[in-house]
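Asker: Pulled these from TrEMBL:
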type	residues	note
TRANSMEM	27-49	transmembrane segment
DOMAIN	41-289	domain 'G-protein coupled receptors family 1 profile'
TRANSMEM	61-82	transmembrane segment
TRANSMEM	102-120	transmembrane segment
TRANSMEM	141-162	transmembrane segment
TRANSMEM	204-226	transmembrane segment
TRANSMEM	238-260	transmembrane segment
TRANSMEM	272-291	transmembrane segment
């Protein structure tokens, strides 16, 4: 297809992580196990939480939803990536590209809102332990869950509608392994001032809202924990937040590196950084939450024992 004068291309070419033919099969051999580990690991987290009555708490409720969203998140990206690694064309239709972009943005932002909900849960548990059950009741958990899905999906819909208005009359080659917003935007030869302003205003607000909730929650937690007289009490309080803080750091660190910079600066390094929050973080989440959490370890052990007995 190359260079042509089009208002809307019929397809895009996903260049992937490497355009060299000799790299395709090794990359496939790397990312197929990553995908399987991610799906199996997060499914085990969900099953362990659902099957253990001790894990029927708001924190683990949100963790099970996070695991489900992570499965959806990687499924939006990796299967198509694997197909393209074994294909010569590496094509994705215009409609498929926008669909992939929609769910990528929606699930990615849902992740951040669920992480915020989990931070609020830890804040209430540590700062108001005697009122925890009353404050984090079923109704409030469901409300947080609804907000965590509705806001990201509306945000994603807005960006897809704006992208659909763009005119593409340059190369149809996307220098990325999936239809991400910025690489697609670079192919447009029409003015994307409105799109970029939306990304830096509405997009920034949508991203910073959960991030601000996380920061405020942990500042309040820090203040409360520092008032605990015993060192053992402080360690116990902080131990309930370690896993969550690790995931938040991985997720927001890589996102900040990729997106909070001018469009013209989007490089190969950004593709590598994108792998961290789109692929590696969902894969690592089950390990982070299970290896550093006694209750999750017991829940997973119980689930594995039950499976062996069947």
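Just so you know, glycine gets a Cβ as well, placed from its N, Cα and C.
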Asker: Which stretch from 27-49, 102-120, 141-162, 204-226 shares the most C-beta pairs under 8 Å with the transmembrane segment (272-291)?
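Answerer: Against the transmembrane segment (272-291), the leading stretch is 27-49.
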Asker: Please average pLDDT over the domain 'G-protein coupled receptors family 1 profile' (41-289) for the predicted structure.
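Answerer: Averaged over the domain 'G-protein coupled receptors family 1 profile' (41-289), per-residue pLDDT gives 87.
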Asker: Among 61-82, 102-120, 141-162, point out the range having the most Cβ pairs under 8 angstroms from the transmembrane segment (204-226).
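Answerer: Answer is 102-120, with the largest number of Cβ pairs below 8 Å.
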